[in-house]
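> Structure provided below as C-alpha cells; questions to follow.
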Amino acid sequence: MNSTLYSTSPGTYWEQYEEVSQHSAHLNVVERLWSAWYAWMQNDVLATGIMSFVMHEIVYFGRSVPWILIDTLGLFKNYKIQNNKIPSLREQWDCAKFVLLSHFTVELPQIWLFHPMAQFFGLSTSVPFPSVWTMMYQIAIFFVLEDTWHYFSHRALHWGPLYKAIHKIHHQYSAPFGMAAEYASPIEVMILGFGTVGCPILWCALTGDLHIFTMYVWIVLRLFQAIDAHSGYEFPWSLHHFLPFWAGADHHDLHHEKFVGNYSSSFRWWDYLLDTEYTPEALKRRREGKLTKKAQ
C-alpha cells in the first residue's frame, strides 16, 4: 500500500475516508476503510503494526470473554466436558494477566516486524482485495498446513526434555478454558506460532500470491479455532458433528486431561493415520489389535 496515494494530513481519519471515497467509488466500504487507514497513517509499517496488534487483542479477548461468562454463570454446565473442573475467576484472571504479558513482550515485537517481512516476501496490501473464492481456497490450504506443522511440532514438545523445558507451562490447566489457548512459554508461542504466520509467508514466497487481508481473515479464524478448542465444552452443534475430520474441544480436552495423544490443532487425520488418537474408539481399536496379534 502506498501511503502517499492520497493527499497528506487531511486532518482526521474520517476526513481521509471521505477523500478516499470521493476518488475510489468503485471500492467497497471495507476497502475504503483500509485505504484511508494507510493513507492517514503515512507510515505503512506503523499502520500494519497497530492494526495487527489491535485486531489480535480484540479477537482473542473478545472471543474468550463469552467462555468466561459461561463458566462463571454456570451456563451450559451439562455440556462441560470435565464438569467437575470449572475454572475460578481467579484462575481466569491469572491466566489473562500471563497471556497479556506474553502478547506485549513476545508477540508485539514480532508483529512490528510483520510488515517489513510481508514486503520482503511480496504480500500485497493494496486494494481491491482478492476475491472471496481466492481467500477461501488459500485459507483452506493454511488450515491444512498449520495443522500439519502443529501436529509434528506439538508431538515433539511432548518429548521429555522439551516438555519439561517448554511445553509444561501450557499443561498447567488439565481442564482447559478459552483464555488458556495462548497460555504458553515464549519459545512455544514462537514455535507453534510459525504454523499460523510462517506457513502463509512460505506460501507467498512460493506462489507470489497473498494479500495481508487474507492473512487477517485466516488469523481471526485460527484464533477462533484455538480458543474454542480450549473452551472445554462439547455441544450437539459442535462443528465435528457435521465435519467428522474436524478436531474441536472434545479432541483437545482429552489431550489436556490425559497429557498424551490428540496432537493436532484443527483436524483429526494426523492423529488417526499415526495412531496417536486418544479417544474411547481409538483405545478400543488398539486393544482389539493387540488381542488379534496375540491370537495369531
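Glycine is treated like the rest: Cβ placed from N, Cα and C.
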> Pick from 14-18, 24-28, 89-93, 154-158: which range has motif 'Histidine box-1' per Swiss-Prot?
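It is 154-158 that Swiss-Prot annotates as motif 'Histidine box-1'.
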> Per Swiss-Prot, which of 62-66, 77-81, 167-171 is motif 'Histidine box-2'?
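Spelled out, Swiss-Prot records motif 'Histidine box-2' over residues 167-171, not the other listed ranges.
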> Which of 50-70, 98-118, 201-221 shares the most C-beta pairs under 8 angstroms with the transmembrane segment (125-145)?
201-221
> Over the span of the motif 'Histidine box-2' (167-171), count residues by DSSP class, listing helix, strand and coil in order.
5 helix, 0 strand, 0 coil
> Using DSSP, how many residues of the domain 'Fatty acid hydroxylase' (140-276) fall into helix, strand and coil, respectively?
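Its residues fall into 94 helix, 4 strand, 39 coil.
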> Near the motif 'Histidine box-1' (154-158), which same-chain residues lie under 8 Å Cβ to Cβ, leaving out any that are not at least 6 residues past its ends?
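For the motif 'Histidine box-1' (154-158), the nonlocal Cβ contacts are 166-167, 188, 191-192, 259-260, 263-265, 276.
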